[in-house]
Amino acid sequence: MHILVVSVNYRTAPVEFREKLTFQAAELERAMTTLQNQKSVLENVIVSTCNRTEIYAVVDQLHTGRYYIKKFLADWFQLEIEEVAPYLTIFEQDGAIDHLFRVTCGLDSMVVGETQILGQIKDSFLEAQQVKATGTIFNELFKQVITLAKRAHSETTIGESAMSVSYAAVELGKKIFGELTDCHVLILGAGKMGELALQNLYGSGARKVTVMNRTLSKAEIMAEKYMGHAKPLSELQCALLEADILISSTGASDYVITKEMMTKVEKMRSGRPLFMVDIAVPRDIDPAIDELEGSFLYDIDDLQGVVEANRAERLKEAEKIQFMIEEEIVLFKTWLSTLGVVPLISALRDKALAIQSETMESLERKIPNLSDRERKVISKHTKSIINQLLKDPILVAKEIAAEEGADEKLALFAKIFDLEMEDVESRAEEVEHKRAWTPSVPSL
């Protein structure tokens, strides 16, 4: 089995392509179920955010797994593989494990050290578990990754100086307008990104705030927290007439603000400029609007320069976290290496217990007058002898499993104890069929 990551992210793909490969939250479970039925895929978790769409998979063959995951992405988004392939980054084995740790800890984020990705990874993992897309390997790996990410943020100061993308959008607005006290601010979208933006705006002095959302009640709840006003999306054109700053993050599949709409609005704004930041992926605002004279449009990729603030300090903390990651990878690989020896140990235990059972039957025939208590005492002590005898061989088998040339050494181990390899292989298949189990996931 092999661990594989297929990634489309902000480093390798511009926002105009990333938005083509973004899974909507409502379709994520169906997507993971579909991917789970692809050839070679044994386990999978799909993570889709504004800056990345990534498929984490356990596959039985690397080459086959790579191909069918690429094909799945192309088919799902109705593209050709040739269109998708140039923007994909693929990580395998140790590189894949390291990438998952780095992403979850915020080291691969546009804003190094941000914590929002940790919650997004956990949510995707839980959804994958619900549709039985994960099994023994990913249940252990993701549990370990989430635990480390929490520890990394509590034991270092990387998160203290990290900006969110929403914060960066507000900082960009402050650079252009200076004080925000007299600015009319319009927030489109009442999700996490929108609320983070509003929180940062309020902290920067903005008080003339309007929140709009497809569900008006959500906009009202969010606006009330920050002394703002809520309006239905049907009044968007009027709201655009009043706004000085617009920050949009609705999660809509089509443009919420089109060039045609904005052309009409500009004619009624009497030359007043409108600063627009689109932090949604797919984008909410038609990029052609940037061609208009009075509209200044920035998308999520334009925020890269803003988030460079405090980067040196955060990178110093990132080095500490990378060291923690490397230690965890060693622990995970040690655990992973012992998976192959489980059927062998199981076969050894069963053979020893079968001998113990036969011995008990022989003893009862020779001493038929044993009481129930005597039988239980003898059975308990003979099993104890077996456990003590097997303790060292089992430890040795686990050590061998982590060494080079483990297959040959374990085959010799099986031969010494006269274990049938067919029986061991059969047990391995049984273990594989029982991959899906649900461990507790660390709370955030």
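Think of each number as a place in line: the chain as shown, counted from 1.
A Cβ is built for glycine as well, from the same backbone N, Cα and C atoms used for every other residue.
If you look up Swiss-Prot, you'll see T49, C50, N51, R52, S109, E114, T115, Q116, Q120 marked as substrate binding site. The active site, nucleophile annotation in Swiss-Prot covers C50 and is backed by sequence analysis. The site 'Important for activity' feature in Swiss-Prot is assigned to H99; the stated evidence is sequence analysis. Positions annotated as NADP(+) binding site by Swiss-Prot, on the basis of sequence analysis: G189, A190, G191, K192, M193, G194.
According to DSSP, T49 (substrate binding site) is assigned to coil rather than to any helix or strand.
Counting only residues at least six positions away in the same chain, the Cβ atoms of S249, T250, G251 sit under 8 Å from the Cβ of G191 (NADP(+) binding site). A C-beta separation below 8 Å, combined with a sequence spacing of at least six in one chain, links G194 (NADP(+) binding site) to S166, I187, L188, V211, N213, M222, I247, S249, T250. Distances between the Cα of G189 (NADP(+) binding site) and those of the binding-site residues T49, N51, S109, T115, Q120 are shortest for T49. Comparing Cα positions, Q120 (substrate binding site) lies closest to M193 out of the recorded positions H99, A190, M193.
Binding of substrate is attributed in the record to T49, C50, N51, R52, S109, E114, T115, Q116, Q120, and the widest Cα separation among these residues amounts to 15 Å. The two recorded residues, A190 (NADP(+) binding site) and T115 (substrate binding site), show a Cα separation of 19 Å.
Close to M193 (NADP(+) binding site), meaning Cα to Cα within 10 A, are none of the recorded positions out of T49, N51, H99, S109, T115. For the pair formed by S109 (substrate binding site) and K192 (NADP(+) binding site), distance between Cα atoms is given as 17 Å, rounded to the nearest Å.
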